[in-house]
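According to TrEMBL, the protein carries these features:
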{"type": "ACT_SITE", "residues": "HIS105", "note": "active site, proton acceptor"}
{"type": "BINDING", "residues": "CYS113, CYS116, CYS162, CYS167", "note": "Zn(2+) binding site"}
{"type": "DOMAIN", "residues": "1-264", "note": "domain 'Deacetylase sirtuin-type'"}
Amino acid sequence: MQTLVLSGRQVPHFSRESARSYPFFSSITIAEKILSCKPNNAHHVIARLLDPNYRGAVAPLAINCTLITQNVDGLSLRAQDALGSESLDNVGTSNLNQGQIIEMHGRLLETLCTKCKHRNLDTRSPICPALAGTELRTEAVMDDAGKRVPEAEISPNDLPRCGKDGCGGLLRPGVVWFGESIPRLNAIESLVEEADMCLVVGTSSVVYPAAGFADVVQDNGGKVAVFNIEASQGDQNADFLFLGPCEKTLGEALGIEVPIIREA
């Protein structure tokens, strides 16, 4: 039996017209705020479900378990690290192992070079001096006449650049924006096709292709369990439905208790 866990949501659009996009880049890559967030009980329950040592006690028939998350906050990996499991997020498309976490929409605390495609963890805030203060501006500002106040002009030369081997390419957030292709999608879809059980956790199931994964599992004869705080359109065909805070319902349904976790 192969179990699939789906969670999270997508993120908006990134324009390659870089200077205009970077105030928003800065607003969502505030390292202190992201790192101050902690994995909740649902993250820790899923981490245990991914670990064969824990999974065997609650789901002995589940040989493999994979988390496919749309979240870009990295909290699922931190929960796995807190458990002491090996982090498997950087595997290739031909080596998708059991117990892994696939961040299908990337990670905010990671930059991607638009030239050489190098990825790098970056916790600077702001990510470069020219963006200082723009992290406070999360939406358009209007004047008294209702007209939009122009954003500060930022020279492309002052935007963050790739330092790998003197590349100098423009850095962008390491996330997948609307309209962009999802890396390893074929491999992800193969995992979905093989799944016997799908747990949908904390997602409204409106963003494709992930929104259709549960249907694929059911079409292949598998079962789907939905965990959400309230009813949504993704619940209609669920075999099992658990409404309420996922931090509470997920552990109760799976019979997994999580002790108090303190991250290092």
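Keep in mind that glycine also has a Cβ here, set from the backbone N, Cα and C atoms.
Here the features listed in TrEMBL are painted onto the structure.
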residue: HIS105; record: active site, proton acceptor; DSSP (3 states): coil
residue: CYS113; record: Zn(2+) binding site; DSSP (3 states): strand
residue: CYS162; record: Zn(2+) binding site; DSSP (3 states): coil
residue: CYS167; record: Zn(2+) binding site; DSSP (3 states): coil
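Taken together, the residues of the domain 'Deacetylase sirtuin-type' (1-264) have an average pLDDT of 78. In the shown protein chains, 16 other C-beta atoms lie within 10 A of the C-beta of CYS167 (Zn(2+) binding site). Remark: CYS116 (Zn(2+) binding site) has CYS162, LYS164, ASP165, CYS167, GLY169 as non-local neighbours, by Cβ distance under 8 Å and separation of at least 6 in sequence.
It is 16 Å from the Cα atom of the residue listed as 'active site, proton acceptor' to that of CYS113 (Zn(2+) binding site). Cβ proximity to the Zn(2+) site centre (mean Cβ of CYS113, CYS116, CYS162, CYS167, cutoff 8 Å) flags the following additional same-chain residues: THR114, LYS115, LYS117, HIS118, ARG161, GLY163, LYS164, ASP165, GLY168, GLY169, LEU171.
The Cβ of CYS113 (Zn(2+) binding site) lies under 8 Å from the Cβ of ARG119, CYS162, LYS164, CYS167, GLY169, LEU170, LEU171, ARG172, each of these being in the same chain and 6 or more residues away along the sequence. Taking the recorded positions HIS105, CYS162 in turn and counting surrounding C-beta atoms within 10 angstroms, the largest count is reached at HIS105.
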